[in-house]
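Visitor: So TrEMBL has the following annotated:
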type	residues	note
DOMAIN	B:59-215	domain 'Dyp-type peroxidase N-terminal'
DOMAIN	B:223-415	domain 'Dyp-type peroxidase C-terminal'
BINDING	B:R291	protoporphyrin IX binding site
BINDING	B:H326, B:R342	heme b binding site
There are 2 protein chains.
Amino acid sequence: MENDRNGPFQPARRGFLKAGGAAAVAATALGKAAAAQALPVVANDDPYRAVEPFFGPHQGGIVTPQQSHTYVVALDLTTDKRDDVIGLLRAWTDAASRLTRGEPAASIDGPDDRPAGDSGEALGLGAARLTITFGFGPGLFALEGKDRYGLANRRPAALVDLPRFNGDQLVPEKTGGDLFIQACANDAQVAFHAVRQLARIGSGIAHIRWGQAGFLSGPRDETPRNLMGFKDGTNNPSIKDTQVMDEFVWAGSEGPGWMQGGTYTVVRRIRITLEHWDQMERGFQESVFGRQKKSGAPLGKAKEFDALDLEAADKDGNPVIPDNSHVRLSNRATNNGAQILRRSYSYNDGTNFYIERWPPWRQETEYDAGLIFIAHQRDPRTGFIPINERLAKFDMMNQFTTHIGSAIFACPPGARPGSFIGAALFES
Amino acid sequence: MENDRNGPFQPARRGFLKAGGAAAVAATALGKAAAAQALPVVANDDPYRAVEPFFGPHQGGIVTPQQSHTYVVALDLTTDKRDDVIGLLRAWTDAASRLTRGEPAASIDGPDDRPAGDSGEALGLGAARLTITFGFGPGLFALEGKDRYGLANRRPAALVDLPRFNGDQLVPEKTGGDLFIQACANDAQVAFHAVRQLARIGSGIAHIRWGQAGFLSGPRDETPRNLMGFKDGTNNPSIKDTQVMDEFVWAGSEGPGWMQGGTYTVVRRIRITLEHWDQMERGFQESVFGRQKKSGAPLGKAKEFDALDLEAADKDGNPVIPDNSHVRLSNRATNNGAQILRRSYSYNDGTNFYIERWPPWRQETEYDAGLIFIAHQRDPRTGFIPINERLAKFDMMNQFTTHIGSAIFACPPGARPGSFIGAALFES
């Protein structure tokens, strides 16, 4: 079956519409008894019950159709023992395989005199298409020159330290990390629950450096809109196009064997000054993006997926899509054909309070909201880095955005049952 | 029907499965044409499309079955003109009535030379059962003794300043506020979008003091669980019981006429040290709550809704439900029959970073997560205040919780079409 749910690029929802839908309708028409028999099919297509595979050639959460919520976390390793790291990855793999099936990470029913197991807040919630993606930061290979785990010579060349970009205002406690966990699910509590269990399992070996919840509203039958009100992701490469994924997302034979089938992930916490943005004229906003707000169409075109015409000029000879618009600067044609797979989420952490440092020294409250930018690629040196260098210098959007956090991780390929995530890295 | 969608513990989705579900099944069996005809019914039961009424004797968002997301915000008035306040409430009422119907607050299609209208990020998302609830803080009536709007003598006696409770660690910038907006919806972006539009409308008259996003996962066919993993709300009074609502939630003739049919709302931002909690034994956690974790049953009972037996003792004569357990201290019987209507949400704002102030001065990262406690009542002097005074002193849960923010508001009754929220307050 072309669209079966084990296919790496098939959204569960699409599978339902194309394949499961017919079965569900048939089952319903047959009445209650038949419907009960057909329950596994129906359950699989409920976005709160559906299960994404954990084991496989690639990790989940990369080319998986994007779920509505995420919790991402970076941890610092506090152990100096290689075996602790291996043990942690084994335990995480085991727990993640259970969590992604919608099961508790551990029993909550142990005897009363033992510490609590699974914290319980996801009981009854279902798997909600939970995926758990693990990544390795530079500090796993060597920290401040110290080779803690005998891995220094195994660091992939593509796992570069990101350069400082123009305008970066990175906060150390929102930046970096030795290990990365991205939990995505169709329920905020399911995603956070997964990270909480994994963090507790790591207690004494790794501690959380930073964590962040994200959401993505309404990806029902349209490209979802970001908090700036624009459709976001229209030009993303198709996760269904295995050839493009192989060329631009999955690490290949150019790097170490243990990373083949993995990907390099860049995470940026980008605060957006929504109050400021909300005061701008719509026409100006559209110039910043290079797209129309309502339809998402490129300026000068009618429909969202119409091709960009970067050559088009108005009657005065000015480009229809401004030189410093986001869509032009980030476009493939402007970037030597480079593509990255964006899989970002909005975040909304309430408000920040600050006192202005110059007269009239008034107090201000601002939304602490923006974008958890997440991008996967075969090699950041030809992907995120050159694209973002151009954006950081020229993008008109920079007036409204501040990069607060940053991290890069090597996300290894998926694990086979019985093995664990990253096993090949530790084979001598 | 006991479990209809107006029930207090009944999520919209449960209503869909139990009530709308039958219609949907029937429609499906009838085939495509019939299903198309049945669309309005299906749409009403779609939690992302359903509409809650804005106008009416009471404001929405109080006895409305709880939606899955909220964004709450408090604003400080910066004007000294009474007419500005009236104009703002008129504009807010108008915008809120449109937003709750799933419409933009204002056109986004104005000419390019005008500031952008609606910020657009909710386009296509539907009403998602959006409710918008407005409240008035003490500062509307008088701020630091100054009667800015000629309302000082109209402040209701029930709108007291909350006392300092034992253990309070209130942060001024998360506390108080002259005006309150609570937006609840089945979509995080819809709720936040509503507040953003209203905040922008208030530009120059009121500015945001604090804002907070919240969520409530999985209230599908069970009482939802809080981040401590326990079912939360089992003993809440039933929103279907109009007699109880009249007695304990809605302000009556004992206070000013303009508040009759309104309610007094207490908001507390309660941080929970989840890392600490997650290390506790399950048996201890259950003693703290006075309930079983998995089933939610009171200790010594089998089912969630079994009545508490506060007299029960074990074979050694110790109370089965510990003296300082949360369920005992917050119980109606312990509080002279007082009841409040809780309508709280979890929050999850990533992580806080701090450096310990004593040796070994290590850096620590902790979850910035917990509960936005929201409680409605006829009179806080017999509701929240005495209940929380007891809890603040004795509740075992206090080891794991810190009250960071606090506010109290008088939420007036609902508005009639053509009028505005709080109109009667401004009638001389």
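Keep in mind that glycine also has a Cβ here, set from the backbone N, Cα and C atoms.
Tell me what's around each of these sites.
Guide: If you take the C-beta of B:R291 (protoporphyrin IX binding site) and look for same-chain residues 6 or more apart in sequence within under 8 angstroms, you find B:F230, B:K231, B:T234, B:A297, B:P298, B:L299, B:V327. When secondary structure is read from DSSP and collapsed to three states, B:R291 (protoporphyrin IX binding site) falls in the strand class.
Listed in sequence order, B:G233, B:N236, B:F373, B:I374, B:A375 are the same-chain residues at least 6 apart in sequence whose CB falls under 8 Å from the CB of B:R342 (heme b binding site).
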Visitor: Tell me, how many other CB atoms lie within 10 A of the CB of B:H326 (heme b binding site), whichever protein chain they belong to?
Guide: 23
Visitor: Secondary structure at B:H326 (heme b binding site) (DSSP, helix/strand/coil)?
Guide: helix
Visitor: If H, G and I count as helix, E and B as strand, and all else as coil, what does DSSP give for B:R342 (heme b binding site)?
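Guide: The residue in question, B:R342 (heme b binding site), is strand (DSSP, three-state).
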